[in-house]
């Protein structure tokens, strides 16, 4: 009987988990140039493999960077990280402190976490904004899961089925990631990101000279578990480009480039290192860095040069000497310890007290005192006031001690004493 109740308790505990696995809510947005955003169960809970399966179920694919840029130009923006082809991004038009760290453009996140939302691209959607309700998941197959599509206008459409083809995604459907907005203090980023802009045509890939790209890095932080991959692109001779903690040197002889590790400056401020990009893009350098895929790859497969903590703006700042672009690290301001501040405050207080004591002592020492000689009996305080008033003129004398130098010689003193003695004798005889 005890076993029965034990199993029943376990069953009740696992029931909410099984129900959660049998229900999936998919919140989708309007389509902009075919691109739309999908959020699962109100939190970041989609893996990269599940993102591809989910877009496939909507008869769509993961969008490329070109398609995201096109959707951005049509007015598409969100405040949620989502997968695209090769990246995790947020499209932003208006700057917001809690969205993409207040940046605009297609903000590319570099992170070591694995669950986000996803973006999908439907090639058959209109080129402009399309907010018609989605009522079906056409490419889903049979399954026990109740899938509910929640449109932007609030309409809901449900069907039973399944779209996940990877068992690890099905088993990990109970994984809960924090639902956070980008740019907040709890952002799921450990290494920062950079923004993909399209309005400064400064870098041209060698395979297609008609599509300009501009990649501006926004945070120079240490990548942990990031993806470095291959870098390349048209660069001039005698140039140096900083690549995610490496420096690629291109000598004047235009031979193979070399990679030299460099240490990024952790100053807490956003620095800018600008690199010159020449018109001649016949010189191609393709270096291999650790990792499987670079977050700076062009969507068409062409390599673009990304500098972490810098912007490629078409002109150079810094000294180029012997084929190297040197940038100086900003000096750090020393911080005053708290104990030193407390000690200085105590010393100042002690100095103020010492000055006050010295001033008070000087006042006391400078006071004048009078010496009163009373010829009456008893103390002055014990006598009556009438007696004191009547005898004040008679009995009180001011005694002045005057130090006078003797002006007479010893012989004169002796003569004066003898004269006095004779006078005293005469007075006694007379009496």
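Numbers run from 1 along the shown chain.
Positions of Cβ are set from backbone N, Cα and C atoms, glycine also.
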In Swiss-Prot, the hyaluronan site includes 43, 80, 81. Which of 107, 157 does it also list there?
107
With a 10 Å radius around each C-beta, find which of these glycosylation sites (27, 102, 122) has the fewest other C-beta atoms nearby.
102
What's the CA-CA gap between residue 122 (N-linked glycosylation site) and residue 131 (disulfide bond) in angstrom, rounded?
13
Other CB atoms, at most 10 A from the CB of residue 55 (disulfide bond):
24
Secondary structure at residue 55 (disulfide bond) (DSSP, helix/strand/coil)?
helix
Given the recorded positions 30, 59, 102, 120, which one's Cα is the least distant from that of residue 79 (disulfide bond)?
102
Run through the Cβ atoms and count how many others sit within 10 Å of the one on residue 120 (disulfide bond).
27
Alpha-carbon spacing, residue 55 (disulfide bond) to residue 99 (disulfide bond), which is rounded to whole Å:
24
